[in-house]
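Engineer: Okay, handing you the structure first.
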Amino acid sequence: MKKIAVIGTGYVGLVTGTCLASLGHKVTCVDIDEKRISSLQDGHCPLHEPGLSPLMQSNLLENRLQFTTVLEEAVQGAEAIFIAVGTPENKDGSADLSYVKNAIENLSLYINDGTLIIIKSTVPPGTNQKVRSWMQARSERTFHVVSNPEFLREGSALNDFFYGDRIVIGSTDSKAGQFLEEIYSKLKTPRLLTDPLSAEMIKYASNAFLATKISFINEISSICEKLGGDIEQVAQGMGMDSRIGEQFLRAGIGFGGSCFPKDTKALVQVAKETAHPFNLLSTVMDVNERQKNLLIEKALKRYGSLKGKNVAVLGLAFKPNTDDIRESPAVSLIQRLQQLEANPTAYDPVVKSIPFCPVSDSIHEVLTGADFAMICTEWSSICDLSLDVYETTMKRAVLFDGRNCYAPEDFEGRNIEYHSVGRQAYEGLRENKKTHKH
Ligand SMILES: NC(=O)c1ccc[n+]([C@@H]2O[C@H](COP(=O)([O-])OP(=O)(O)OC[C@H]3O[C@@H](n4cnc5c(N)ncnc54)[C@H](O)[C@@H]3O)[C@@H](O)[C@H]2O)c1
Ligand SMILES: O=c1ccn([C@@H]2O[C@H](COP(=O)(O)OP(=O)(O)O[C@H]3O[C@H](CO)[C@@H](O)[C@H](O)[C@H]3O)[C@@H](O)[C@H]2O)c(=O)[nH]1
């Protein structure tokens, strides 16, 4: 059992703190957000993350997990301190390290000799060195800084923590690395011990590579659409090659979330600073921007103008099983619809409101009276919806599926017009074709 402090109770801080407590450590999580901490102290989990709330509550009951706004209290006696604050993007796309710097400067007032500082936040290569110099400028204490990037995915965060593909430990000091090994000793996850800069680069490179895979399959899907192929079959066939792998080959309306968009931009900036332009990754980002507009382009082609159209937007979260709408393709789609003077109304099973668009938790309600529907998130409540519902609730059922939730053959003999990604459109029953335009 180690005494651990976690700074930041966002997605990463809360999951890390809760899971470390479950491994038997005594963990105190600290945040500057008083409302968040007070709610956490009352046992309310602020994130919609499967399994997190009960795990957090049982650790609170067992006294292994605590929350505070008082840094001194969290750090007192702590042998290891995880930094899990945000690293949002600056205007130029580079990573904003001000939260990390601020956390380190505050920490310098309280750390004990020999404390291990562990950087969990996603930071540009070279940050470990910066953290050391920020601390040295303010404290005479001895300390070690280890880079330990986090690879969890929202929606499957607990599974990713307990059964991840790897634990990367970047350290210049073998004893510090060994101490972190002890913290994770109950996990069977493969370890990679490396230097701090390589550890930091592993995180950026992994996200950039996955984003590239998504933009690649989205490009193939556009060509398939033009030539008449089926992207789902193509992705399946590609994924059967173990060198390629089947994951992250789902074509759709692009990647969103709090990581891929920001981390790809940050890596492009890192590369720029080394005078080596990362053209490939810049294009990955351009392809993603275009992809986010795909359903709008299809609807414009279909209707000419979207002015006055009532649109049912199905799904707001950037992916299923989370309530996170950061950089969600659904949000940019809604904003674009509004620019085009359409009237979107959204459904999401967990996101209950957003400031700029009406949201309903009834899928039937948003479909009723809609001119067409657009699927943005592949929630099971959306993918499993019977096609009868579209036929019976909509004026004339027209569906733009941005996540390929349905197969085109599901629509055979149906009174539904179906447009998806990287596959041919299904125009609905013959008699409907007469009323196809406007
Ligand atoms: N969200 C993910 O799925 C994920 C996965 C892997 C890595 N990451 C990385 O982890 C980091 C954190 O991500 P997140 O999504 O949890 O961020 P977040 O923005 O949701 O949460 C950060 C938290 O840190 C708190 N904070 C800021 N400064 C503080 C300070 N000085 N002292 C105490 N608390 C402070 C904020 O109040 C906030 O609650 C980022 O670098 C991100 O790129 C995120
Ligand atoms: O084949 C795919 C896979 C994903 N996506 C989209 O890509 C985005 C990101 O999805 P995912 O990676 O599953 O979720 P995140 O929670 O953002 O996780 C990513 O970002 C985290 C933060 O850095 C990392 O820790 C994870 O390893 C990395 O997968 C979402 O909008 C998905 O819809 C696709 O369009 N097609």
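Just so you know, glycine gets a Cβ as well, placed from its N, Cα and C.
TrEMBL lists Cys259 with the feature active site, nucleophile. The NAD(+) binding site annotation in TrEMBL covers Asp31, Arg36, Thr87, Thr122, Glu154, Lys262, Arg326. TrEMBL lists Phe151, Leu152, Arg153, Glu154, Lys203, Phe248, Leu249, Arg250, Ala251, Gly252, Gly256, Lys319 with the feature substrate binding site. According to TrEMBL, the feature domain 'UDP-glucose/GDP-mannose dehydrogenase C-terminal' maps to 312-408.
Walk me through where these features lie, including what they touch and how far apart they are.
Structural biologist: Sequence-distant neighbours of Cys259 (active site, nucleophile): residues of the same chain at least 6 apart with a C-beta under 8 Å from its C-beta are Thr122, Asn207.
In the three-state DSSP scheme, Thr122 (NAD(+) binding site) falls into the coil class.
Neighbour density for Glu154 (NAD(+) binding site): within 10 A of its CB lie 24 other CB atoms from the protein chains shown.
Assigned with DSSP, the residues of the domain 'UDP-glucose/GDP-mannose dehydrogenase C-terminal' (312-408) fall into helix, strand and coil as follows: 28 helix, 20 strand, 49 coil.
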Engineer: List the Cα distance (Å, whole number) between Arg36 (NAD(+) binding site) and Phe151 (substrate binding site).
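Structural biologist: Cα of Arg36 (NAD(+) binding site) to Cα of Phe151 (substrate binding site) measures 24 Å after rounding.
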Engineer: What binding-site residues among Asp31, Lys262, Arg326 have a C-beta sitting less than 6 Å from any atom of ligand 2?
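Structural biologist: Near ligand 2: none of them.
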Engineer: Compare the C-alpha of Glu154 (NAD(+) binding site) with the C-alpha of each of the binding-site residues Lys203, Leu249, Ala251, Gly256, and give the closest one.
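Structural biologist: Nearest in space to Glu154 (NAD(+) binding site), counting only the binding-site residues, is Gly256.
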Engineer: In this structure, which of the binding-site residues Arg153, Lys203 has the fewest other Cβ atoms within 10 Å of its Cβ?
Structural biologist: Arg153
Engineer: If you compare CA-to-CA distances from Gly256 (substrate binding site) to each of the binding-site residues Asp31, Thr87, Lys262, Arg326, which comes out shortest?
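Structural biologist: Given the candidates Asp31, Thr87, Lys262, Arg326, the nearest one is Arg326.
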Engineer: Under 6 Å from ligand 1 by Cβ, which binding-site residues from Thr87, Gly256, Arg326?
Structural biologist: Thr87
Engineer: May I ask for the distance between Lys262 (NAD(+) binding site) and Phe151 (substrate binding site), taken between their Cα atoms and rounded to an integer number of Å?
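Structural biologist: With distance taken Cα to Cα, Phe151 (substrate binding site) is 15 Å from Lys262 (NAD(+) binding site).
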